[in-house]
């Protein structure tokens, strides 16, 4: 198409839901659905094979067929050098999927390495590329076995040429070969179409790239912009066929170029592409919507234009459509006449010029990626001429002499960024006192000089290479040239190729092997790719990522991670998925509380006024956040808890119209779903907080605003169902009546905890492992995790392929290894730590591998890296499962691994460990194993090098929460704990919230758990008293006779409900323990006795106010009988381990607020015996290694084997028997000596006897007599008992 191309009236082809366009630039193919593995070369005649030369007739190229023995058994050239080739003509274009080679039959001749070129015309050859390089295939090592290679990128061509690079050292080049593939079907197009409503689709070739622009619709206000632009490919102006397929379904588009597919969604909100004008191919005859006029028409060849199943090319050829508007169109493709030349760093090309001429003229086209290089050098009669690239500009340096021997210089430069890989045309004319340089045919910007010059060409030869005679020492040119003109005459490169004229070395004629190393772009996350001829680099500035390919995030994944780096509360950038597609964003991290809170702000002002809305026309308020919805979702997904405050202030404006009616107002959450519950309520319940608490303004409704009152009311609360958060929209529907008004507040999203950061698994045997799906990290892979262990070595993870693999392991106590193979041979990186890594502390490992380099980092301190080889494989191809821990007979890892993240995805180790033998969820070395030793409700807290017991919410202290906290009360001493204190609520919210919902506003209890120990010799006394803002109370008393009584006053009864727990005299100076629990009307205490409150009694202890120990000092209502009979002089004695519903008031009073005391209170353990902690047995020790399973030595100082020496066992047994015998003898002797030393005559003994008699009748225990002794402290000296 040279001008307008094909203009077709496409009014019948309306694209309302789907468009499929298959196109070709210069001509294309589209794969047919068939197995593409047919032998293509063997069926061909001998004449289809040609070669650079032939050794003798028996070695002709026609004999070079796989597994054939004709002639001399294969092809061999006359000379074995790098200029030989074997060529096959397939007769027509075929799709080639594989190639196989053999040596010459029964000989010492074979090819060990070769290159593959292809073409459609037998000229203008293109080398086969793989992994971003001109690929060299490995060949044969003998004459008989065949070596087959599958082509990663299938090629379509008629002519194929094999160029031997290396061959047998014992013989010469020898070759038999086969090509595998199939025929193909053609499709393709470059097009433009548009509609009256502004929809359009345009496909064009721009700067050798394919550009697709599509718009499904934009509105007139500009708030919806539908224009979408996507580019693909590079260097497409190479005179080779390229395939294009465009498929669209609604907003989803597949854009395929030469088997490389991009998937994207169009911008805007519309789904239909309305094309009701013409659809044109090969050009655009009128101004199009994307950028108006000025577009150049396509010049080149296209074939098999298919549009929604119709072959437009065939219709045009058979004149089934109107062809009156066709211009400059032929149904054949003219062959290109270019003859490119490819230069590398050691190439030169010498061309003859006209001698003794007073003017020099040269022109050529070039393309390169290098900003510097010498393009042309020529010796003049009395000077030199240079044309070079310098910093992307074209520079000309002329050194000429005039009569008298004086030298004159002329320097010119033009153009910019000429090292962009595009073809650029250069024309230079130099003659007497004049020189002109023109770039890309732009005469208006041509550079001229009128310096005094005298040009004499003389015996002149143009040389394209680096020469020592150059005035400016510039590197050799690397790139392609074509259309070379010397003195306005085309250079005869065919004569140079045949050796008739000129000379060349290391030059590839009739081929341009330029590679765009930035397509596809390996720079991730918006990194900018810059390339030279040999490689590329990435600029990551401003992206938030680092590394050779901008793959690794420079930010931590969460506030939790920042906390463990020692950071304080502040605003931070976080990147929850690391190297994943989500970008970093800012959040507020609050680290002042026990739990780290992450806050994401939104743009909705507080108390936003809403008026004029109705059910038919609701006002929708959009809530936008400081991060995208995908980014916010990443935070809520990994968080342990999220909440968001929402408030609706109303005046004559209903909210939900509860309980079953259609809601006036709703909110939209993360999944774009409507939710009909409000803050303080939960999913599936169409209520507000007051409806849950049953304290709404009007009890007939479940929201305050639904009462529809003229006074300002409010419904507010926390939304805590994190799968619905955050709030993205609120639709308000009842503010259009007279006097109606509402104010809406949506608070920031607050989340705490990071499940990904603490997701851990413990490996307890050397053979245990977890398995996951195959790791997909072909060109870019990163792995990070934390580990801790006491073992000296072990494999962290491994994934295998056919020959490829990736592995991370602890090789020794101080060495971590990262090894992999992508097809170029195994590579291993090691980092050495200055301190042992098997210290049972957390260590961080980060490994990355990409097409540029491999990096291994340990603890942000030790780092090792290795660049990737410039040539070779770059794709990591794995097929087995990913094994974490051990696999395939490797040395298994023993210890903990957590926060394992691979390419931005955190693997759920805990969930997989639940169903895997030998692996336990969490880190088994600490709290899971040792948490049982945190007694009395103490919480186990993980530490990097162990664990700790948090006794804050208990009445105990000590390393294992086993030491009772008690105090000695003198007369008049009291402890006060205020439930309504804000400080109390803040200090104990976490301890209560799980089991006992006590708030800082009002506390109403339906159950109590009370526990304490006491010892006293004085009665009566108040041990514990719980007051309320009503007349409800709970009291635990010692009566005048020392017996224990519990009183409940819950309402509903005229008198308090009293329980005489124990009739014994407990004011005997002995320690006693009291435990009681109540649920509704059921009351239990230990020893197990159950009581039931009367049916008339209420079950709630309403509006709890204050808890007192020892004495009551209350300004509100107090039972006067308690004050008169029990409150003076108060409790005198020792109270310990006092606990009430998870609150330890006595401990708080002795240590820190919120509790306080009056009088003299001295801390004491009240005579309690400390609880000893036995050592952990080998059976329950998760780090204990069984000798039967272990296959490697361990540190004997840390790990004790189960087995013992047999001789030692026998000796130990004999010694034990001897010692036991001696002890028994001593016992009998001592008992005999002291059998008359004392008599056990005490009141306890008598009481015990009486109690024993009563036990037979009344069922009481003998302990009653002991505890009931009037004065057990007065014991006569003679009343002793000796015992061993």
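Residue 1 is the first one shown; counting continues down the chain.
Each residue, glycine too, has its Cβ placed from N, Cα and C.
According to TrEMBL, the protein has these features:
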type     : residues  : note
DISULFID : 896-923   : disulfide bond
DOMAIN   : 32-182    : domain 'F5/8 type C'
DOMAIN   : 136-333   : domain 'Laminin G'
DOMAIN   : 338-512   : domain 'Laminin G'
DOMAIN   : 514-551   : domain 'EGF-like'
DOMAIN   : 550-602   : domain 'Fibrinogen C-terminal'
DOMAIN   : 759-923   : domain 'Laminin G'
DOMAIN   : 924-962   : domain 'EGF-like'
DOMAIN   : 982-1166  : domain 'Laminin G'
TRANSMEM : 12-31     : transmembrane segment
TRANSMEM : 1209-1230 : transmembrane segment
Q) Based on Cβ pairs under 8 Å, which of the stretches 338-512, 514-551, 759-923 lies most in contact with the domain 'F5/8 type C' (32-182)? A) 338-512
**Q.** Neighbour count (Cβ, 10 Å) for residue 896 (disulfide bond)
**A.** 25
(Q) Suppose you look only at the domain 'Laminin G' (982-1166); what would the mean pLDDT be? (A) 82
(Q) Counting only residues 6 or more past its boundaries, what in the same chain has a CB within less than 8 Å of a CB in the domain 'EGF-like' (514-551)? (A) 129, 132-134, 233-235, 260, 342, 367-371, 421, 478-480, 573, 575, 579, 583-584, 779-780, 782, 848, 850-853, 855, 870
Q.
Taking 10 A as the limit, how many CB atoms besides its own sit near the CB of residue 923 (disulfide bond)?
A. 23
